[in-house]
Amino acid sequence: MFGIEDHIFLTITTAEFIIGMFVNGYIGLVICVDWIKKKKISTIDYILTSFSLCRIGLLCVMTVNGTILAFYPGVCENEKIKVVLNIFWTFTNYLSMWFATCLNVFYLFKIANFSHRLFLWLKWRIERVVHWSLLGSLAISVLISLIQATLTNSDYDFLKTAKHKRNVIELFHVSKIQYFDPLTLFNLLAIIPFTVSLISFFFLNTSLWRHSKQMKSSVTGPRNSSTEAHLGAMKTVTSFVFFLFVYYLACLLATFSYLMKESRLAMMSGEIIAILYPLGHSLLLIVGNSKLRLASVRMLRYGKTACMM
């Protein structure tokens, strides 16, 4: 029999899943329709399409995993199901992070202005660099997923042992060496896209500062198209860094919820917050992208007209 917290969890996660699927599906649909009309696709649209498809997969895995953990925890004791879920989560999670990082780097080289030779060399070849980066991201995600499939998930054995300990002090007497999971080292790779995005934000901010300084004596004013482009790119990068940080905090909360008194409630809270990452960031991308934003306005106007008829 489900309690009130179970119904709340199920309602919120279902709403997040539906909204997230709609938002990411909308991104892919708008770009694909534009691609068919123009018979060509820009680099940024190529990134966003790949990005939205990956986010749809991540949403599905996170929703299924959260539902199983909350309502059918015994299913996770099945080694095959646990491995399959971990493989799909690892693949879609890393692919989503790297694709978002490629988008941030693309904004940096397209908008920022620096005179360094290396920066100019990359700026002139940014489309080729991005395409190879996307392929590299796919290769890295597949590699880590294959490693996940071949390694024994010893963290699960440690968590199972930890659940039988009465408190945190007693938990320290459990030797983690025998339960060490080499995949834990690969999870540290999440630091790389996070760091790259922070570097992109720093250089965009520096470029904006220099541009604003130059525009002080200009008659065009401080808020020209270049300034708006800088601010838009910085908002995109900042939103990714923020949501990624919150996402991993939520994952840690769900993972180590067994240490808390209300472990089940903590796990549910972590899952709910984590799903906001593939939902919220994609929603902000729609707001920040003129093509997607205008298409959404036209769709809302059409829907309003259809309702009035």
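A Cβ is built for glycine as well, from the same backbone N, Cα and C atoms used for every other residue.
Note: TrEMBL annotation is automatic and uncurated.
Residues or ranges marked as transmembrane segment by TrEMBL: 17-36 (among others).
Feature annotation from TrEMBL assigns transmembrane segment to 56-75 (among others). Note on the transmembrane segment (56-75): residues 2, 6, 9-10, 13, 16-17, 20-21, 24-25, 28, 81, 85, 88-89, 91-93, 96, 254, 264, 267-268, 271-272, 274-275, 278-279 of its chain, located 6 or more positions outside it, place their CB under 8 angstroms from a CB of the stretch.
For 87-109 (among others), the entry in TrEMBL reads transmembrane segment.
Per TrEMBL, the feature transmembrane segment maps to 129-151 (among others).
What TrEMBL lists as transmembrane segment is 185-208 (among others).
Feature annotation from TrEMBL assigns transmembrane segment to 240-260 (among others).
Here the transmembrane segment (272-292) has Cβ contacts under 8 Å with residues 9, 12-13, 16-17, 19-20, 23-24, 26-27, 30-31, 34, 45, 48, 51-52, 55, 58-59, 62-63, 66, 96, 100, 232, 235-236, 239-240, 243-244, 246-247, 249-251, 253-254 of the same chain, all six or more residues outside its ends. The feature transmembrane segment is assigned by TrEMBL to 272-292 (among others).
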Same-chain residues at least 6 beyond the ends of the transmembrane segment (87-109) whose Cβ lies under 8 Å from its Cβ atoms: 43-44, 47-48, 50-51, 54-55, 57-58, 61-62, 65, 119, 122-123, 126, 129-130, 133-134, 136-138, 140-142, 144-145, 148-149, 189-190, 193-194, 196-197, 200-201, 203-204, 233, 236-237, 240, 244, 278, 281
